[in-house]
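Trainee: First the structure, then my questions, so here it is.
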């Protein structure tokens, strides 16, 4: 067992190495994504390694499938780990429940050095201590009773088969450390806490032991984690000292809060990544939003790509202020990134395929002309609606149903707008049959204004209202000229002719 503690493990890793260590007690949410993202961009900027380590030592709270889902969501977000339970790597296994022998060996080493001791206090005694402290309006803490057991007393209790845990001896006089975000810090943990449990009775470690042992043996050079662990860092540094190991550099990330300053609640259900993926949000939009609301960059800027986040990230610019998240802005972030996807030919091809599937899914039980599923038509829809939609699925909403199925509009509906339905219809049919190399919105707008002048009494706004209803069945939407360009001359003629013959 002692061989498992050889320090060559820590020395074997070279270069910058960071880790994201989620607990699979739930699924990946925006707070976790932000921690993972800062680790990822820091590693990629420095040509380092991004490690995913599943911290599943609290077995009673592990949610089935959560560990796999977390790794899936990192891939979906575009920030996949270089080493992980799924990908493997030179410092595996990357799941703490599979590393129990290592933690037991580490606790034995501390026991041998006198830096830790076995505690035989029962849960009942610990509960009495807690209640007594609360009754006296004090913070509950362990009274370190078993720290003073003699070797003989320990041997007698072991011989009796009593349950025990391993506690770490907290020492006074901790050394200050320089946090990458919060600057110089130290917390005299021995003055406010009892000796902490590092190995439980079931053989599983607590976070304090597991994270120190794993960060050392996995060669982690920088630990970027949530600010809730800042006050525990002095305790972890005492553990490093007891082992005789060099600690990594620490940087604690400020909290991600709701825009009103309240805590993000996992119970809300609306901060989990799977929900955003199912609703059609682009991962780039989420990455952009959670960095835009915080710090780490020279200036706030919407629309950053992952490559830009990597190149522009400055760890020294992370502030201690909490980041306020305004989820109401997410559709705008998504609109910007969706526009960029549409403009990029390679990314646009993927959107075309996704939109074709959406149309078949939403309108498959209706009479859909096969031509509307053709690549050229779908691509034109995307290019013309670029900048006007926040989600791809917007294009299969009721407002855009006219793009995929022919509306049911009667002559009577149009006559309520203008009595010149036949005249206007014939003028438009004549315009559509006129030869033209390319129909453009600008040219059609000019032609439609010219047509209106040929009517007897129909105003331009009324003519547009009539044509919009005839072509789309809608009273609002894109300009009539855009509708006509999108549908094409043949489809426009078909829809106008259908109304005239009804």
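The count begins at 1 with the first shown residue.
Each residue, glycine too, has its Cβ placed from N, Cα and C.
On a predicted model such as this, the values are computed, not experimentally measured, just so you know.
Residues annotated as L-glutamate binding site in Swiss-Prot: 19, 20, 21, 55, 207, 208, 209, 210, 211, 225. Taken from Swiss-Prot, the feature ATP binding site covers 29, 228, 263, 264, 265, 266, 267. Annotation comment: Swiss-Prot describes 24-32 as motif ''HIGH' region'. Annotated motif ''KMSKS' region' per Swiss-Prot: 263-267, in sequence order. Feature annotation from Swiss-Prot assigns transit peptide to 1-20; the stated evidence is sequence analysis.
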Trainee: Taking a Cβ cut-off under 8 Å, which residues six or more beyond the ends of the motif ''HIGH' region' (24-32) line up next to it in the same chain?
Mentor: 54-56, 58, 61-63, 66-67, 69-70, 73-74, 226, 255-256, 264, 266, 271-274, 286, 290, 325
Trainee: Consider the binding-site residues 207, 209, 211 and say which one has the Cα lying nearest the Cα of residue 263 (ATP binding site).
Mentor: 207
Trainee: Nearest to residue 264 (ATP binding site) in three-dimensional space, by Cα, is which of the binding-site residues 19, 21, 207, 211?
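Mentor: Comparing Cα positions, the closest of these binding-site residues turns out to be 21.
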Trainee: Would you say which of the binding-site residues 19, 21, 29, 209, 228 has the most Cβ atoms within 10 Å of its own Cβ?
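Mentor: That would be 19, with the most Cβ atoms nearby.
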Trainee: Mind tallying the motif ''HIGH' region' (24-32) by DSSP state, helix then strand then coil?
Mentor: 3 helix, 1 strand, 5 coil
Trainee: Distance between residue 207 (L-glutamate binding site) and residue 228 (ATP binding site) at the Cα atoms, whole Å?
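Mentor: About 13 Å separates the two Cα atoms.
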Trainee: Give me the long-range Cβ neighbours of residue 211 (L-glutamate binding site): same chain, 6+ apart, Cβ under 8 Å, in sequence order.
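Mentor: Sequence-distant Cβ neighbours: 21, 55, 236.
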Trainee: In Å, rounded, how far does the Cα of residue 29 (ATP binding site) sit from the Cα of residue 209 (L-glutamate binding site)?
Mentor: 25
Trainee: On the Cα atoms of 19, 20, 21, 55, 207, 208, 209, 210, 211, 225, which are listed as binding L-glutamate, what is the maximum pairwise distance in Å?
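Mentor: It comes out at 17 Å between the most distant Cα atoms.
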Trainee: When the pLDDT values for the motif ''HIGH' region' (24-32) are averaged, what is the result?
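Mentor: So the average pLDDT across the motif ''HIGH' region' (24-32) works out to 93.
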